[in-house]
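Participant: This is the structure I want to talk about, given as structure tokens.
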């Protein structure tokens, strides 16, 4: 789920924190990708006649097809992906996981009703909501990525928090996920829509945490409290508090503690035994692997093993897989060129000189003529 309404809130209150880009603009960038989120997307999106793709043995292959081809697309555009997999969910997430299971069961009932009525649109709609990612899907995804030469990181807990840790450690440029709580975990740069199919023509949204904090005029702790008020995976929020009011309350009272002390109990319902402090600590000090000594390596794909796994075991086309392997090898050759900005450090002095030069150029253009009028050029 992530954080309810955070993307729109940032667009409304801190628009300078968002920009849109084409995938080619990330050439040479290393990106930590929320693997579980991506695999779940592929299970929902990569389908045939409304059903997940399967091989002759009836095994699901949507996740493998999506992972293989979308990863190749990123690599062809010069991106170096690192896939981060979820570990054990935190105790605070148990309520959210139970709600998700209830929603899946309800969707299953609605899908069955749609089948009885022959309603194709609703069959597809509700069937997608019943999709569940299994440990087997994740293990197969890891195997595929390693054979492709793409680094895999196993998070001890939440993948988004591990991605954020990699960004903070300078190991990667950004976190690639659809879950906005990557920002709440402290990822300074977050990319949405990175693993979407090219056919959807969705620009990549790039969020900058630092800009959001500056424009909102919030500290990181206040931003986390805002996210808890909006609604997160780890606890309920105060009933009656929407995004606009949440911003106003943080601006006025600065913390959830003071909000709870001052708001009207007649207007707003604060959850009993509300574990917002535990949720706050989870965002501030998540369970992650230390990244400082972590070595991320992109290696040559193992063509023979990929053919064995995807063709012999999973029923993919050998010609397509071998062409994919060729694309990976070619992409590795071009991505090693790196980005131009990785060779230089832009200092504040350099920025100031550039600004001063622009001012001087502006003065020259605006030089008045003898009669006090501006010269035409």
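Each residue, glycine too, has its Cβ placed from N, Cα and C.
Feature table excerpt (Swiss-Prot):
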- 1-104: region 'N-domain' (REGION)
- 34, 86, 158, 160: Mg(2+) 1 binding site (BINDING)
- 47, 70, 158, 231, 233: DNA binding site (BINDING)
- 94-121: region 'Disordered' (REGION)
- 122-253: region 'I-domain' (REGION)
- 179, 181, 233: Mg(2+) 2 binding site (BINDING)
- 336-344: region 'Interaction with PCNA' (REGION)
- 354-377: region 'Disordered' (REGION)
- 361-377: compositional bias 'Basic residues' (COMPBIAS)
Participant: Non-local Cβ contacts of residue 160 (Mg(2+) 1 binding site) (under 8 Å, 6 or more apart, same chain)?
Facilitator: 34, 175, 177, 179, 181, 182, 185, 187
Participant: Could you put numbers on the helix, strand and coil content of the region 'I-domain' (122-253), residue by residue per DSSP?
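Facilitator: The counts are 68 helix, 16 strand, 48 coil.
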Participant: Near the Mg(2+) 1 site, what residues other than 34, 86, 158, 160 in the same chain have a C-beta no further than 8 Å from the centroid of the listed C-beta atoms?
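Facilitator: For the Mg(2+) 1 site, the extra neighbours are 36, 37, 84, 155, 159, 161, 162, 163, 177, 179, 182.
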Participant: Taking the Cβ of residue 34 (Mg(2+) 1 binding site) as the centre, count every other Cβ atom within 10 Å, in any protein chain shown.
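Facilitator: There are 27 of them.
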Participant: Check each residue in the chain of residue 86 (Mg(2+) 1 binding site) that is at least six apart in sequence and keep those whose C-beta is under 8 Å from its C-beta; list them in sequence order.
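Facilitator: In sequence order, 35, 36, 138, 155, 157, 158, 159 meet the Cβ cut-off.
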Participant: What count of other C-beta atoms do you get within 10 angstroms of the C-beta of residue 181 (Mg(2+) 2 binding site), across all chains shown?
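Facilitator: Excluding its own Cβ, the number within 10 Å is 23.
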Participant: Please compute the mean pLDDT of the model over the region 'I-domain' (122-253).
Facilitator: 93
Participant: According to DSSP, does residue 86 (Mg(2+) 1 binding site) fall in a helix, a strand, or coil?
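Facilitator: SS state of residue 86 (Mg(2+) 1 binding site) = coil.
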Participant: Which of the three DSSP states, helix, strand or coil, fits residue 34 (Mg(2+) 1 binding site)?
Facilitator: strand
Participant: By DSSP, how many residues in the region 'N-domain' (1-104) are helix, how many strand, and how many coil?
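Facilitator: DSSP composition of the region 'N-domain' (1-104): 55 helix, 21 strand, 28 coil.
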Participant: Radius 10 Å, atoms counted are CB only; among the binding-site residues 158, 179, 233, which position scores highest?
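Facilitator: Result of the Cβ crowding comparison: 158.
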